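Enquirer: What TrEMBL records for this protein is below:
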type    : residues                                        : note
BINDING : B:GLU94, B:ASP116, B:LEU118, B:ASP119, B:ASP267 : Mg(2+) binding site
There are 2 protein chains.
Amino acid sequence: MSAARHDEIPESELSEIYAFAIQLGKDAGTILLESLHERRRDDVDGEKQEIVEELVMEEKMNAVDIVTKTDNEVEEFIHASIQKRYPSHAFIGEETYSKGASKDYLVKNEPTWIVDPLDGTVNFTHSFVMFCVSIALVVNQKPVVGVVYAPLLNQLFSACKGKGAWLNEATKLPLLGSVGVGPIPKNAPSKCVFSCEWGKDRRDRPDGNLHRKVDSFLNMAAEVGGRDGKGGMVHGVRSLGSATLDLAYVAMGAFDIWWEGGCWEWDVAAGICLLQEAGGLITTANPPEDIQTSKIEDANLGGRLYLAIRPASGTLEETGRQGQERLVREVWRRVRTLDYTRPGVKA
Amino acid sequence: MSAARHDEIPESELSEIYAFAIQLGKDAGTILLESLHERRRDDVDGEKQEIVEELVMEEKMNAVDIVTKTDNEVEEFIHASIQKRYPSHAFIGEETYSKGASKDYLVKNEPTWIVDPLDGTVNFTHSFVMFCVSIALVVNQKPVVGVVYAPLLNQLFSACKGKGAWLNEATKLPLLGSVGVGPIPKNAPSKCVFSCEWGKDRRDRPDGNLHRKVDSFLNMAAEVGGRDGKGGMVHGVRSLGSATLDLAYVAMGAFDIWWEGGCWEWDVAAGICLLQEAGGLITTANPPEDIQTSKIEDANLGGRLYLAIRPASGTLEETGRQGQERLVREVWRRVRTLDYTRPGVKA
């Protein structure tokens with residue numbers, strides 16, 4: 001990173017920013033919900049149904065990536081709100097970034113808002129509940145505030161450095177965190193719920209990302225002893241179509257493991273804050289050369305390769321962190337190296 | 001089926017049964033939700049969190065199938081309620097059935113309630129939103145009432161023969177049905193959201209169900225032209241860990257395709273009612289010998305092999321049904337035959 005290290009934000013200012021981000025997430029989620037309802041407005045008696053507005057879709061990359069009008073509107077709303085309140089802060093939004101030619105990593109050390117106005121766009125266009133808005137503030141490359149709001153699920157995840165991670169501001173459901181989700185199971189990944197995504201790279205090359213992913217999924221799923229000893233017999237395999245929600249669900253312990261390559265900083269910045277404040281661990285998806293002893297370092301925000309492990313309590317035999325690291329190595333042992341390079345960024 | 005054809009239930013009685021089933025679903029869902037909250041009760045100020053009650057889990061088959069105390073309690077509640085109101089009706093519940101030795105298909109032609117008190121048990125134990133109660137009334141092997149309630153999602157799906165299919169009794173979101181979800185895309189399964197589950201059979205045999213499933217998933221996902229021409233380039237691949245919700249989401253058009261083998265009548269009975277009343281199609285997962293011209297028949301309720309296609313409107317070139325049948329054949333062309341046999345039941 002070229003920029004100098006930026007001063008930490010004082011605690012009192014951070015609290016204000018956190019409250020602002022939560023309200024911004026709620027407002028953005030409301031816009032998403034209104035747009036959804038506008039698309040299919042029903043007569044109350046159910047006699048007739050009118051398509052009020054067709055979605056404007058634009059193909060970005062083969063048939064998978066859809067951009068809706070809503071994405072752009074919500075990003076503009078969030079951007080304008082931030083500019084008004086924090087004019088000195090930098091801003092990176094998924095829509096604005098994607099329109100540019102560069103795939104460079106643009107996050108400097110100064111306070112930078114990283115926003116995905118609508119993650120899970122395909123779900124959104126299908127009225128499937130798994131979509132959300134994701135808002136993060138990153139300082140010195142570390143997410144210090146994270147808000148993920150899935151309005152149709154009525155789930156608002158929020159976290160602020162030093163203040164913990166919360167679900168629906170703790171009014172309705174368990175707060176996120178290491179209390180309550182228990183230690184990492186002894187024979188993990190057995191008994192773990194494994195979250196993964198098929199992604200957009202669907203090229204049918206024997207050594208391409210699609211096959212590397214599917215081989216890895218199979219190793220995680222197959223019976224213990226199968227797949228030449230790599231069988232992980234995970235409890236369940238989940239694919240939601242939203243990296244942001246995958247990560248939020250790992251933070252709350254709904255999933256134990258999320259392993260993914262190919263997504264971007266706006267997909268994970270808020271989720272990383274949630275996960276780390278809850279006591280979870282995030283590192284790179286790609287196994288290092290020495291799986292058993294390699295130091296487990298935090299994932300690079302722009303590295304596009306992520307392995308997240310849920311918060312965990314300790315046992316008499318190991319600390320929570322030791323359990324998590326044991327699981328990281330068990331996952332690395334079963335997954336293949338993915339190929340998502342990026343100019344100037346170390347995976 | 002050995003039993004004689006049973007008289008149809010008169011319309012007035014069916015309306016009463018439908019209202020009863022909806023209320024029963026709501027009550028059962030409330031018990032599920034209470035049980036979930038009881039497990040992790042938070043102090044409102046977030047200072048402390050107390051584990052009030054540990055889940056009693058019992059392993060049924062390897063590590064995947066969990067039975068909770070809640071399953072049994074909810075099934076008993078539903079069974080008792082039905083016995084009191086409709087003492088002449090038969091009852092098959094997932095928990096009761098699973099405790100028996102027989103894997104026979106027990107549904108006769110008389111009115112039979114088929115109930116899964118908690119579908120998505122692993123999700124439930126992880127506080128992940130994708131769990132539900134499923135209640136169906138089946139007469140002459142056909143589901144005539146279906147209620148699926150996912151309490152944490154606040155989504156109640158309901159359908160009754162001749163009365164359509166509804167989401168939250170149409171007060172909050174689009175009613176289910178063919179209006180609004182559009183025709184089947186021209187190059188389907190491209191642009192379709194494909195829903196599938198990894199299931200419990202994880203044996204690592206080259207010709208076992210796990211590999212047959214994964215080959216099929218890969219064909220559906222890979223780029224057009226890939227996989228020796230079988231690449232389907234679906235828009236997204238989703239795995240929720242709840243067959244019942246998969247089917248409900250196909251009924252509402254959130255998913256376009258659900259393809260699955262290995263689940264049971266209580267997983268699908270209510271969902272089939274939802275799907276058919278909404279205008280969807282359900283047939284067997286296993287491709288017939290003549291994929292292109294074979295008659296497309298309704299799935300056998302106890303056949304354990306299901307392929308569901310969402311409701312579809314027609315175009316100038318084809319009716320909605322023709323579009324759905326085209327998609328069935330496109331899926332059959334890409335999937336492998338699954339092996340889930342059952343005493344006395346034709347797949």
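Just so you know, glycine gets a Cβ as well, placed from its N, Cα and C.
Help me understand the surroundings of these features in the structure.
Expert: Summarising the environment of B:ASP119 (Mg(2+) binding site), the number of other Cβ atoms within 10 Å of its Cβ, over all protein chains shown, is 30.
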Enquirer: Beyond B:GLU94, B:ASP116, B:LEU118, B:ASP119, B:ASP267, what residues of that chain have CB atoms within 8 A of the centre of the Mg(2+) site's CB atoms?
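Expert: Apart from B:GLU94, B:ASP116, B:LEU118, B:ASP119, B:ASP267, the close residues are B:VAL115, B:PRO117, B:GLY120, B:THR121, B:CYS132, B:VAL133, B:SER134, B:THR244, B:TRP266.
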Enquirer: Within 10 angstroms of the C-beta of B:ASP267 (Mg(2+) binding site), what count of other C-beta atoms is obtained when all protein chains are considered?
Expert: 23
Enquirer: If one looks at the chain holding B:ASP116 (Mg(2+) binding site), which residues at least 6 apart in sequence have a CB under 8 angstroms from its CB?
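Expert: The answer is B:GLY93, B:GLU94, B:VAL133, B:SER134, B:THR244, B:TRP266, B:ASP267.
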